[in-house]
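If you look up Swiss-Prot, you'll see 1-19 marked as signal peptide. According to Swiss-Prot, the feature topological domain 'Extracellular' maps to 20-1115. Among the features that Swiss-Prot reports, repeat 'Cys-rich GLG1 1' is placed at 24-69. Feature annotation from Swiss-Prot assigns repeat 'Cys-rich GLG1 2' to 71-135. The N-linked glycosylation site annotation in Swiss-Prot covers Asn133, Asn411. Marked as repeat 'Cys-rich GLG1 4' by Swiss-Prot: 216-276. Taken from Swiss-Prot, the feature repeat 'Cys-rich GLG1 6' applies to 349-411. According to Swiss-Prot, the repeat 'Cys-rich GLG1 7' annotation covers 415-475. Under the heading repeat 'Cys-rich GLG1 8', Swiss-Prot lists 477-549. The repeat 'Cys-rich GLG1 10' feature in Swiss-Prot is assigned to 613-676. The repeat 'Cys-rich GLG1 11' feature in Swiss-Prot is assigned to 677-736. What Swiss-Prot records for 809-867 is repeat 'Cys-rich GLG1 13'. Positions annotated as repeat 'Cys-rich GLG1 14' by Swiss-Prot: 868-938. Taken from Swiss-Prot, the feature repeat 'Cys-rich GLG1 15' covers 945-1009. Residues annotated as repeat 'Cys-rich GLG1 16' in Swiss-Prot: 1010-1070. For 1116-1136, the entry in Swiss-Prot reads transmembrane segment.
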Amino acid sequence: MWRFPLILASVCWLTTAQQQNVANDPDKKLASFDACKADIHKHCSRPDVDLTSDMSILECLQDAGFSETATLSEQCEQLVWDFKVKITQDERFVSAAKQYCEEELKGNAAMNLCTSQTQPGFALSCLMEFTKNVTETGKCHAFLARTERLAFSDFRLVGPFVTKCRAILDKFKCNVLTPDPAHKGVRVAHTQGMALECILDKVVKNAKTQADALQILGDDCKHEVLRLAEMQADDFHLDRPLFFACRLDRERYCKDVPSGEGKVFECLMMNRNDKFMDPECGNLLAERAYLMGRDYRMAHPLTKACQPELTRYKCEPQNQIESAAHFHLAWILLCLENGANQPEHKEVQPSKECAHEMITHRQMMMQHFRMAPELVLNCAQEIDKWCSPRGDIEAEGRTLHCLMEHAESRNETLKLGAQCLQAVQQVVKVADIGRNYKVDKVLYGSCRSLIDGPCAQDAVSETATLTCLMRNVDSPDMVPECEKRLLEVQYFMARDWTMDPQLYEACHQEAVSRCSALDNWHQQHNSDNTVDRGPQVLACLYRSAYDEQNPLSVKCGTQVRQLLHVRAVRVNLIPEIEDSCREALSEFCSHNVKPSEEMMCLQQNFETDNFKRKHPQCFAELTKFTEMEAKDTKLNRALSKACKPVISTHCAQFANEEIDHGDVLECLVNNKDAKEMNNKCRSYVNHFELISLRDYHFSYKFQKACASDIEQSCKGHNNDKGEIIRCLSEVRFEHKVLGSPKDLTDDCKKQLKVAYLQQEQVEFDDKEHMADADPKLSQKCEQEIKMYKCNQADTFEDTIECLRLNFEHLGPECKSMIFYREKIEAVDNSMDDELQKKCRYDIGKFCANSDSENVLECLTNTKIVRLLQRECKAIVKERMQESARDVRLRPQLLTSCRKEAEQYCPEDMKKINMPQYSQTVLDGVVVSCLRDKFRQSISDQNHIDFSPRCSAEVSRAIVEAEFDPQLDPPLYNACKSTINDHCSATIMESGGHFDNVMECLKNDFNKGLIRDKQCSEQVARRLQESLVDIHLDPVLHEACAMDIQRYCRDVPPGHSRIVMCLMDSADKQELSKECSTKLSDRNKLWMKAHSEFQMALPDSWHAFANLVMEHPERNSILGYLAGFIVFILLIGCCCGRVSKKQYIEMKNR
C-alpha cells in the first residue's frame, strides 16, 4: 500500500507568483495557464473532457495518477492545488452552490445553513452531507458530486477534518512531508486522499488489540473520519487510494457496474479472493471492509435497498454513538433477518432488492473476516498463529473456515479462545448459512459435486440442499473436503437453534415459551439482561420432542426430530454431549475410533462404574440421549445406515412412523437371520441390545409398559435391567405358581417376555461384553463360566444353557441365578428360547394346538417324547430333569395339587412360600410328599383321596421317571452306581436311550443282584407306585393294552382296580400270552417288594388271592386252598341252598 506523508500547510509548496496569478485574475480558465498546458494536452485531449470547464480539467488531471507529484509537472501540480482551493473554499463556491442548488436550499433549511459557514472548507463539508438527499438527476447533485471528487482527492480541502483531526494527524505523522529539516527543498510526492488513508491504516492495525479501534482518534476526529469514510464508500471515485489501486481490477471485474451507491466497491469485494486481483487493491478492500463492519452506513447498496425494512423492523440505531454495537453491519444484518422472521412481518417480506443485498453482504462477511470487527479484535492471535502464517490474509476467503476448524478441535493447544469462539459464532450466525448455503463459497465449492449430483433433486430450496448434504455425510459420494467444511458449519448451527431457518420458523413460539429463548434473538443486549442460552435451547427442544406427556406441536416436534436425526451422525453436533464428554472421549475413544463411531464408543463404556465415577455429567447426558435413541431408532444413524436393506424389506411399516418407539430395533432383532442381514448391521444391533440390557430405561416399550409394576414391586433394584427382569419374573412366578395376589399388568407381561427373549438372544461381537447381558449373573457365575468354558458361547442363552447342563456342579450363588431363569421359563415355555428353537419342527408337528406357554407339557407326553427329533428330545429331557429337582419348576403339578399339598404336606408348602427359599432349589420338597401320599392311597384305610387333576399330574411325574430315572432324583441318586455297573450294556443296546433303565433295575431287583440297600428300597417304592394304577407301569400297560380294552374297559383307574381286574382275568386264563407273562413277572416283583420291604398291597382279599396265585410258593399255598375249598363243598352238600348262598356272597365279595 502506498504510504506518503501529507503536508497541511500549503505555504510550504505554493509560490507567491502563482498565488498572485490566480488571485489577480480569478476568471481566467485553467486551460489558459502556461503551467498546465503541456499536462492538459498530455492527459486530457479526449472527447469526454470539456476543456472550457475548470472542473472537468481538474477531474481529468487528478484521475491521471494516484500521485499528482509523479504525474504532473511541478508548476501544474501547484496550479491544480490553487484551483481546487479556489473552487471549494472561497466565497465563489458558496455562490456556485446557491446557483446550482437554489431549489434544494429553499426546501431544506438545514442545508441552507451550510451556506453561512465562513471557515475555509466548512461550507463544502456541510453541503456534502446532503448529497444523498438531493435528486440524483438534478444539477445540484451533479455539482456537489463533482465538488466532492475534488475534496476527496485532498482532505485539506475539508475544513472540519483538518481542524478536528489536526492533533491526530500530527500524532501519527500523517501530515509531514519532510520529517527532517535536512530534507528542506526536496520535492516529496503528494498522494491523493492519503491523509485519511494514513489514519485508517493506524486504526486497522489498532483493531487487533482494541475493542474500539477508532477510540484512539477521539470523539470529534472519529466522527469526521467515519463521516468521510461513509461518503467515499458511496462513490468509488471519491475513494482516491482505492480508485487508483483498483482501477484495472474495476475494468476486469466490474466493467458494467456504474459508480455510485457503493456498487463498485461491492462488486470488487465479491471478487477480492480472485487470484488475479492486484494485491494492493485487495489490501485496501480489506481495510474498507473493516470500516464497513464497524459502520453499516458504508454499506450503501444495503442501506438503500433495505431502507423501508430498516425502518419497519426498527433496526436503525437510536443512539448516535458510532462505537455502539448497533452500528455494526453484523447487528444490522441480524436485525433484518430477525424482523423478516417475526410472525407479524410474515405477510410483508423484504423486497427482492433488499433480500439480494442481505445475501450479498452475508456472503462478503463469510469471505472477508475483517468485516467483523469483533473477529479482528478477538481472533487476532489465532489468525496470526493458524490462519495467516506468513502474515498475509489467507487466500480464497478461508480465514473464517480456518477458525471454524479450530473451534471444533478437542486439542486444547489448538482450540480457539472463548472470546474468539464467540466472535466466530456471531459471524456464522450473521452469514445465516442455514438459509442459503451459497453465501459460503468455500462450502459451496467443496460440495459442488454432491450438490449437482445426489442432492440435485433436493434443490427445491437451499435449506433442503444443505439437509441433503448432511444426510449424505457418511455416504460413498461424500468427498473429504466437503465433509470437513460441512461439519465445520454444522458445528456452529448445532449450537444456536436460530441458525436453522426451518427450526426457527416451526418452533419459535415454543422455544420462547418452553425453553426460555429470546424472542428477538439478534439482540446482544436487552433490558431484562436475559442471555440466549444457545445450545441449552436446542437441548430443551430435543427433550421436548420426545415428551409424550406435554408434547410439542406437530410441526415443531417433526422438525426437531428430523434435525436431530441428521445431527446424530456426529458427537460434536450434539453440544451437550460433546461439551460434557471431552475427557471421556479422550480417555476411551481417542485411538482408532472414527468420528462417526464415537457415540457407539461412548455407549460401550458409559455404564461402567469407572466411567460413572470419573465422568458423571457425561454419563447423565449419554443416558438422556440413549433413552431418546431407544424411542426413535432413526437417531442411531450408524445402525440405520448399515441396516437399511433389512429395514426396507422387513421393518418398513415401523420405519415410516414418526417415532417408532423401538419397533424398528425389535424388528431387526427378530430378523437377525434374514438374508438381507449383514455383519455390520448385526454388530450394531448387538451393540444396542447390550446397551439396552444394562439399563431398562433404554428399552422404551419395556419401561413404559412396566413403569407402574417396577415402581410397585422392584423399586430397590436401581436401573439394572437384568435385575428388573428377574424381579418382575419373580412377581409373575409367585402369582401364577404360588398363588400370590400380586401380578403384573398385561402390557408388562408382554414386554417382559420380549425383554427376556432379547436378553436370551443377544450375541457378542466382543466376549468382554458378555457380562453386559446380565451383570449380576455374570458376576456370581464368573468362576463356573470359565470352568465349564461357557464363555465360548456365541449368545447369552448358550452361556446359560451351558451352566444349566452343569447345574449340579455350580456354586450356591450361581445355582440361585440359574434357578431364577428356570422358574420363569417353566411358568411360560414361550420364554424358553432354546426349547422353542430346537423344537420348532416338533412343536408344529405334535403340539400345534397347544398353548405356547405350556408347550413343554405336550412335548413331555410319553407317547410324543419318544418320537421327537434328537436335538429336540435332548433339550426336552434336560428340561424334564430340571423340573424334577424342584416342584416349582412343575407349575402344572403345583397348581393342580395345591389343595392336596396344603392338606397332606403343609410343612413343605410353607417352605416353598418362604422368601429365604425363593432362590434355593428344594430337592423333592412337596413332590416326594405327594408321591408318598399317592402311594398310600392304594389302601382305602388311609383315607387319602386325590382329585383327578392332581392324580393325573402325580401319575405323569411317575410315568416320566419310567423313561428316565433321572426324573426321580431319590431313585437315581441311590442307584447311580448300580445303573453304571449293571445297566450300561442295556443302554448301549437300546442305542444310547434310557428307556430300558428301569426295566434293567427291576430285573436286577427280581434276581437279587442289587446290593445297595437304598437302591433296592427306591426300586420297591417305584413298584408300589406303579401298583396304584397300571398306567404308571408303561411296559405292563403297553403289553396288556388289548386285554384292558377287552376285559377291563369299564373299570375306573386308580386304587389298583385295573391290575386286580387283569389278575381276575388271568385266573380265568383269558389274558393274552404277552400280557399274562408280563403280569406274572410284575407279580413276582410286587411280592418280593412286599416280603422284603413291606410294600403295601391292595385291601381286596380277592386281589390278594390272585397275587398269591402268582407267588413262587403257590403250589403249597394252592394245596391248602384246595383242601379248604373241598371242606366248604362238603358243608354245602349238607346244608343245601344256605351254603350255596354263603358261597355266592363270598364269591361276590
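Going from the start of the chain as shown, residues are counted 1 onward.
Glycine is treated like the rest: Cβ placed from N, Cα and C.
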Alpha-carbon distance [Asn411 (N-linked glycosylation site); Asn133 (N-linked glycosylation site)] in Å: 55
Listed stretch, out of 71-135, 349-411, 613-676, 677-736, 868-938, that has the most CB pairs under 8 angstroms to the repeat 'Cys-rich GLG1 8' (477-549): 349-411
Leading stretch by Cβ pairs under 8 Å, where the reference is the repeat 'Cys-rich GLG1 15' (945-1009) and the options are 71-135, 349-411, 677-736, 809-867, 868-938: 868-938
Model confidence over the topological domain 'Extracellular' (20-1115) (mean pLDDT, whole number): 83
Secondary structure content, the repeat 'Cys-rich GLG1 7' (415-475) (per DSSP, counts of residues): 41 helix, 0 strand, 20 coil
